[in-house]
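Quick notes on the structure that follows.
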Amino acid sequence: MEASDQIHSSQSLQLASDTTPNLSPRSSSDEEEHDNETLRLLRMDKLSKVDGQNSVFDDEERVSSPLDGQDSGLHGLTLYEKKCVLINREIDAHGMGKYQWWIWGLCGFGYLLDLLWAQAFGLVLSPIQQEFGFSNAQSGDISVAFSSGLTAGAFVWGFLVDIIGRWWAFNLTAFFSSIFGLCLGVPDSYTSFLVLTAFVGFGVGGNIPIDTTICLEFIPQNRRFLLALLSIFQPIGVVITSVIAYGFIPQHSCKPDFTTSNPLPSCRNVAAGTPCCSKAQNMGYRYLLFTIGGITLFVFFMRFIVFRFQESPKFLVFRGQDDKAIKVLDYVAKFNGVQNNITLEQFERLTQEHESIMSASSGKALLGSALKRTWRQKGLFELERYKLLFSNWQVSRLTILIWLTYICDFWGFTVAGTYLPTILAKKGGQIDVSLRQTYRNYIYIYLPGIVGVLIGAFMYNVPAIGRKWTMVLSSGLMGASIFIFSTVNTQAANVGLNLMEYFFQSMFNAVLYGWTPEVFPAPIRGTACGIASFWGRLFGIVSPLIAQHLYARSEGGDINAVLYLAGGVTLGCVIWISLLPNKLVGAQSM
């Protein structure tokens, strides 16, 4: 490449960067200095050295480069970060092309699957209990099994996505959950059903941390609000599940059904010849699960067959595979109908300059040297990445507050998702609301959640409100609606307060899931999001165990105690989010 071409390319990339707006919400003047320090520490180029100690990227000494004179945006960055800046600028120059929209949509399907299954288990709890005849004290076991699978999936897939790559995790999560999901309508025992539920959860559990990671690494910097908008697929998933349940469960459930004062007993709890609820009479919930399993398989088909997903260029660069990263950028550019302006020669030039400078100074190893290490060294290298989450006080504070927020969030909505449908059905039975009307009410309740996500995405970048205060407001109103629901029992109030709870839950999760990957760099982004999700899923296992004991206090279930548990813990999100600095996200994510 001629020198003039290099300068022209550099200037073009700089222009693309300069035109990218800063999407971080504004902070107050008295917090600006403190917030800027937090922002400085959170960026990868400031995480490399803390208190004089080298991090996992200790082979990436920060040095000046001759290229810095041509492009001041690369000054003082590591070799890896310089390449990431060039990748960011190239993606920004492409804009929101066809490839990005495909990625956004397919990642949204992962969000859809998460709530398709979570909502399904809440809606099938009552008909399953009527057929299998287990007690209220075992009513939380389905949620525990699903949450156990989600917990393991969030941890394992979140860790693997930074090791085996985005491509494998992106496809295998959908494949895993579809296979076991299609089998869920087959079991004739509660134990078998719980085992399959856990395996479905394991596949579904990796979706959100993986999908947010992938989406962040392919969309332009000025379209980050689309990360929050991914959550619009969650209420859509809930509505789809509710519509399918409305079509199958009231029509194909045992009569008298579980909302009446004298429901048909389980065949497992009565003598032979006594009228009872059998499998043949209770196929509605099975039809629901078969259908959702089919939808999950369709998502896998779209990801694996229809669309050719490419590995993340940043992942490939971190693994020392610059040539493959360039091929990905070429493919994406061709798919979008534009030209890729980054060449392998540019990456090689950066590497050569870095080699010469490091050779003249410390002589340390270069990016990609991890590929030359032994398996034991590679394993230790991977574990070292976790230290970035606790590299100093500010970053440790951020990590812990994120974990606490996920714990309270998952605790609250797991209990709500598991028991609110059952509680609404029982309250409806007390005021003569039919089973068909109850399941129709679910559609009314969950449909406005789509609007909640849209408002959350809109508030994402509103000055002086932004991510932080949107989450504070929505989590507070979510918890309040659950408390108020415990004090009333009319059809209008029951529907309205459940609608309010899910509306603000959708808004809160839209911002939380979109914001979390922004504060972590690419080498640990999947891991960090996976661990945060892991802690939330883990307490999603504990919360139903506590709730089912509260629910079993009386024969009809101690409804208010369960609601107090869900509402009280949800309000904990208000505290942890309030303790976060206002400004947490930089102009670029590495």
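Numbers here mean position along the shown chain, with the first residue as 1.
Here the Cβ of each residue, glycine as well, is placed from N, Cα and C on the backbone.
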Looking at the candidate ranges 322-342, 469-489, report the one that TrEMBL labels transmembrane segment. 469-489
Can the transmembrane segment (287-306) be said to touch the transmembrane segment (400-422) if we require at least 3 CB pairs below 8 Å and skip pairs under 6 apart in sequence? no
Between the transmembrane segment (101-122) and the transmembrane segment (400-422), are there three or more C-beta pairs closer than 8 Å, counting only pairs 6 or more apart along the chain? yes
Sequence-remote partners of the transmembrane segment (527-547) [C-beta within less than 8 Å, at least six residues beyond its ends]: 140-141, 143-144, 147-148, 150-151, 153-155, 157-159, 161-162, 205-206, 208-209, 212-213, 385-386, 389, 399, 402-403, 406-407, 409-412, 414-415, 418-419, 516-517, 520, 562, 565-566, 569
Remote residues contacting the transmembrane segment (400-422) - C-beta distance under 8 A, at least 6 residues beyond either end: 118-119, 121-123, 125-126, 139-140, 142-143, 147, 442, 471, 475, 478-479, 482, 498, 501, 505, 508-509, 512, 516, 519, 531-533, 535-540, 542-544, 547, 551, 557, 562, 565-567, 569-573, 576-577, 579-580
Please figure out which one of 142-161, 193-219, 469-489 racks up the most CB pairs under 8 Å against the transmembrane segment (168-187). 193-219
Report the mean pLDDT of the predicted model across the domain 'Major facilitator superfamily (MFS) profile' (103-584), rounded to a whole number. 84
